[in-house]
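Q: First, the structure itself, so that you have it in front of you.
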Amino acid sequence: PHPLSCPPPGPLPASGSNTELGGAEAVESAVAAWAFGAVLLVMYVTGVTGNVYTLGLLWRSGRCARGAPLSSSIASLALADLLYLCSIPFIVGTSVAQDWYFGELGCRVLLSLDLLTMHASIFTLTLMCTERYLAVTRPLAVRRRARRFRKATAGAVWGVSLLLTLPMMLMFTLSQSGDGKHICAPTWSLNAYRLYLTVLFSTSILAPGLIIGCLYARLATTYLESQRNPPRKREPKRSPRQKVLILVFTIVLVFWACFVPFWIWQLVPLYHGPLGLPPNTQKCINYLVTCLTYSNSCINPFLYTLLTRNYHEYLILTGHQNVPVEEGMTVCETMGRRKGHCANTNCHCFGKCQTDRHPQNEFWSYSAPLCFLWFVSSCTYLL
């Protein structure tokens, strides 16, 4: 939905146009548009590289890891991010030219593609949280699930996302403004358009948020109960399973942090009316929320890499795919046995012993998303 907040294709009256600006303000607007395009191109290169690397990492991990439940979800998220990033060149061209040159089909496809990938991402994240909850509370049931069931679930996620996107594909058309600019505008009435965006906000933010919140509240309750009655053999403070849970929830929090401001900016004018902000201020806010949404697809690969590594370690320690694990074995011993199993079954090995990891690599892995978010915030502030 991000072209909605990117003038001139955005249908919202808040977008404004250069005809309303003075000479100096028009120059400032053009400079801001070029800077906005440059920031988005940096995000495009970073995001595409990171997500392709994530998919390559999953492919190199071998059949044993690719068949695991969480691995297919990570692949689905990376594909959604790649599709989402594909719209950046069109947004950059539109921002710089201050006109829409991609026709009515471009309006329908690009706006629908953004909505499709956004819903596919949050639905996949909700599915991942559900799987992690079941892995803790009903581990045997999760292991018995067939790969066909997981593929059917992934297909259902994309199918439901497509159904929610179809109205957007049908409602938009290409029109011409008074100054000769082409814009993508909704053909529905204001009330129908407001209702549709409210439904999309509920399906992409509110409903998944409630489900994920309930799941993690139950997980917290389960964890507190286990602390009151600890088993004889305790897990380390930061076991691979706990790291997986934390990283999945971190990806969800990053999604909300990047998309909630966008939805607030879209819905407030529809319910409150015109905000009375100067055109340049409205454009800067549009640029800010757009950069935030695209930054989600750039930060995610860092988190996907961490999640993939810790999930592979979790699979090793739990004896996934018939890897023999005995009580009392250390992490390094278990991973060593896993490597021997891989050599005998022609399955690529993955993961390293925790003692082999360098602290500086750990620091970079966790700090890189924060550094990139700081970079995006600084650039958009300068706009």
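Along the chain as shown, residues are numbered 1 onward.
Cβ atoms are placed via backbone N, Cα and C, with glycine included.
Below, the features straight out of TrEMBL:
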TRANSMEM  31-53  transmembrane segment
DOMAIN    50-304  domain 'G-protein coupled receptors family 1 profile'
TRANSMEM  74-96  transmembrane segment
TRANSMEM  116-135  transmembrane segment
TRANSMEM  156-175  transmembrane segment
TRANSMEM  195-224  transmembrane segment
TRANSMEM  244-265  transmembrane segment
TRANSMEM  285-307  transmembrane segment
Q: Could you name the stretch, out of 116-135, 156-175, 195-224, 244-265, 285-307, with the greatest number of CB pairs under 8 A to the transmembrane segment (31-53)?
A: 285-307
Q: Give the one range among 116-135, 156-175, 285-307 whose Cβ atoms make the most pairs under 8 Å with those of the transmembrane segment (195-224).
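A: Against the transmembrane segment (195-224), the leading stretch is 116-135.
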